[in-house]
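In Swiss-Prot this protein carries:
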- 6-26: transmembrane segment (TRANSMEM)
- 56-76: transmembrane segment (TRANSMEM)
- 82-102: transmembrane segment (TRANSMEM)
- 118-138: transmembrane segment (TRANSMEM)
- 141-161: transmembrane segment (TRANSMEM)
Amino acid sequence: MTITTLTLGMILAAYLAGSISSAVLVCRLRGLPDPRTAGSGNPGATNVLRIGGASSAAMVLFFDMLKGALPAYIAFRLGIDQVALGAIAIAACLGHIFPIFFKFKGGKGVATAFGAMAPIGHELALALMVTWIVMVLISRYSSLAAITTAMLAPIYTWFLDERFTIPVAMLSTLIVIRHRDNIHRLLKGEESKVSRKKKG
């Protein structure tokens, strides 16, 4: 990896972009409980689905993915090498996980990581989306779907565009590590399943 002023600037910009908590902002705008203290306590799309319904969750998902996609796409267009590209994508995820603007209490980084992978190609984006949806439908566990999709992402990338296998593997490793508590709960049968807010 070649460290340049441009690379360092992109890493900082990606972290700051990732630090904008879509879940907290959407919940504030829509008069919903703070996702850091309500539901599962995780400020991400799945928890917003639980406490605010599908439309709010969709907004959070879109903006969380955008936080990863924009820095990765800009870095790619600037010709930054693949390993540095992975570092920039990870910086966006770390911003989401440890946001400087929200007392370093963030989400799991799944949507942001998948957003960073999406610019690699439509085929990869579709494969990731289908894998996640199928796993959720089968298991009803968002965490298991995220872990499974993350583990398969480097394999998909190897077949579709092997140049980006290393940065995708870096992101996948971060996602799995971030879900270590979920893995323990899954093994104990204590993990919460996906649900949505019931209409009153």
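Glycine too: its Cβ is placed from the backbone N, Cα and C atoms.
Fair warning: this is a prediction, and the values are worked out from it, not measured in the lab.
If you look at the transmembrane segment (118-138), the same-chain residues 6 or more away from its ends with a CB under 8 A from one of its CBs are 65, 68-69, 72-73, 76, 144-146, 148-149, 152-153, 156-157, 160-161, 164, 168, 194. If one looks beyond the transmembrane segment (6-26) by at least 6 residues along the same chain, the residues whose Cβ comes under 8 Å of a Cβ in the stretch are 32, 34-36, 43-45, 47-48, 52, 56, 59-60, 63-64, 67-68, 70-71, 74-75, 78, 80, 84, 87-89, 91-102, 106-107, 112.
Distant neighbours of the transmembrane segment (56-76): 10, 13-14, 17-18, 20, 22-23, 26-27, 30, 32, 44-46, 48-49, 84-85, 88-89, 91-93, 95-96, 107, 111-119, 196; these residues of the same chain sit at least 6 beyond its ends, with a Cβ under 8 Å from one of its Cβ atoms.
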